[in-house]
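Peer 1: Mind looking over this structure? Questions follow.
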Amino acid sequence: MGVCGSLFQPWKCLVVVSLRLLFLVPTGVPVRSGDATFPKAMDNVTVRQGESATLRCTIDDRVTRVAWLNRSTILYAGNDKWSIDPRVIILVNTPTQYSIMIQNVDVYDEGPYTCSVQTDNHPKTSRVHLIVQVPPQIMNISSDVTVNEGSSVTLLCLAIGRPEPTVTWRHLSVKEGQGFVSEDEYLEISDIKRDQSGEYECSALNDVAAPDVRKVKITVNYPPYISKAKNTGVSVGQKGILSCEASAVPMAEFQWFKEDTRLATGLDGMRIENKGHISTLTFFNVSEKDYGNYTCVATNKLGITNASITLYGPGAVIDGVNSASRALACLWLSGTLFAHFFIKF
């Protein structure tokens, strides 16, 4: 906002110097108010970035000259504009008020502004501080992440704003009040569990505007766990269904065995159907030879598990507890059985 650049004639620079010497506060001299009531003290002005700021100076008929300065730079002297900034305009120049406006305010406009007046006796000044508030904005946040259960995870969320925003992390995939909250730019999770997967929300808030909110998804991989495998009783000639339900990330692949034989759709009138985390083995016309123990095997890249399920006829005495266990196995998962054995533990 300087005035003694190449765009101005040398005589204008002389005028500026004269103004500073005659009635404006020289650079380096402390600001003083003259008397306690004139010019009237001004409150600080607070505006949001992009808004307009109005700086008002209350004067009276004792004033012979008046000017607005930003630090040591003259913006206006009377009705004469000295600032080259098109955003700075004069609003009011009357015997009782001298006001300017700064349009589309930005953070570099923040700072002290001085209304300097000349009376018959001596110069007097009044200072106002312009405060520019900036809504919160998240500038950098972690990408979605996939980890194995038991690993450590660190999420980052960096935000800017004026005043400096408060950054809060919250786990969205749990009931309200049950998920942990971290008031920090970094969210650190040690020995992560499968129930800590889901969306995490970063919120940046400074009360200037609505909070800026971004989300990060954490996927936790874990080996299969068979959560449901129920023995089924059915009469000869009826339809029988064995069901096996497994939880796993990535999703488990299923195989069915009877003793050492891997079963497949179409074999002896059976059908295997896999839908998501559930696999079913259907017998459309149960015969005596179909009765017995079947093994459901669920696998993914992290591990393998199995459960024993029994198809039985009327009057059979069956242990009500199904055998579900982790297991080791040598299998061709997408082809024919190469070798098959289980070690339960």
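Numbering starts at 1 and runs along the chain as displayed.
Cβ from N, Cα, C; glycine included.
From Swiss-Prot, here are the annotated features:
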- 1-27: signal peptide (SIGNAL)
- 39-126: domain 'Ig-like C2-type 1' (DOMAIN)
- N44: N-linked glycosylation site (CARBOHYD)
- C57-C115: disulfide bond (DISULFID)
- N70: N-linked glycosylation site (CARBOHYD)
- 136-219: domain 'Ig-like C2-type 2' (DOMAIN)
- N140: N-linked glycosylation site (CARBOHYD)
- C157-C202: disulfide bond (DISULFID)
- 223-310: domain 'Ig-like C2-type 3' (DOMAIN)
- C244-C296: disulfide bond (DISULFID)
- N285: N-linked glycosylation site (CARBOHYD)
- N293: N-linked glycosylation site (CARBOHYD)
- N306: N-linked glycosylation site (CARBOHYD)
- N322: GPI-anchor amidated asparagine (LIPID)
Peer 1: What does the structure give for the C-alpha distance between C296 (disulfide bond) and N285 (N-linked glycosylation site)? Integer Å is fine.
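Peer 2: Cα of C296 (disulfide bond) to Cα of N285 (N-linked glycosylation site) measures 20 Å after rounding.
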Peer 1: Taking helix as H, G and I and strand as E and B in DSSP, count the residues of the domain 'Ig-like C2-type 1' (39-126) in helix, strand and coil.
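Peer 2: Secondary-structure composition of the domain 'Ig-like C2-type 1' (39-126): 3 helix, 47 strand, 38 coil.
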Peer 1: Determine the Cβ neighbour count for N285 (N-linked glycosylation site): the number of other Cβ atoms within 10 Å of its Cβ.
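Peer 2: So the number of other Cβ atoms within 10 Å of N285 (N-linked glycosylation site) is 12.
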Peer 1: Average pLDDT across the domain 'Ig-like C2-type 3' (223-310)?
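Peer 2: The average pLDDT of the model in the domain 'Ig-like C2-type 3' (223-310) works out to 95.
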Peer 1: Quick check on the disulfide-bonded residues C57, C157, C202, C244, C296: which one has the highest count of other Cβ atoms within 10 Å of its Cβ?
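Peer 2: By the 10 Å Cβ neighbour count, C244 comes out on top.
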Peer 1: For N140 (N-linked glycosylation site), what is the tally of other C-beta atoms lying within 10 angstroms of its C-beta?
Peer 2: 11
Peer 1: Based on Cβ atoms within 10 Å, give me the single least packed residue among the glycosylation sites N44, N70, N293, N306.
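Peer 2: Across N44, N70, N293, N306, these glycosylation sites, the one with fewest Cβ atoms within 10 Å is N44.
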Peer 1: Show me the subset of C115, C157, C244, N293 whose Cα is within 10 Å of N140 (N-linked glycosylation site); these are the recorded positions I mean.
Peer 2: C157
Peer 1: If one measures from the C-alpha of C57 (disulfide bond) to the C-alpha of N44 (N-linked glycosylation site), what distance in angstrom results, rounded to a whole number?
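Peer 2: One finds 12 Å between the Cα atoms of these residues.
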Peer 1: By DSSP, what is the split of the domain 'Ig-like C2-type 2' (136-219) into helix, strand and coil residues?
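Peer 2: With helix first, then strand, then coil, the domain 'Ig-like C2-type 2' (136-219) has 3 helix, 48 strand, 33 coil.
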Peer 1: May I have the DSSP-based helix, strand and coil counts for the residues of the domain 'Ig-like C2-type 3' (223-310)?
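Peer 2: Looking at the domain 'Ig-like C2-type 3' (223-310) with DSSP, the answer is 6 helix, 56 strand, 26 coil.
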Peer 1: Please work out the number of neighbouring Cβ atoms within 10 Å of the Cβ of C115 (disulfide bond), leaving out its own Cβ.
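Peer 2: Taking every protein chain into account, the count is 24.
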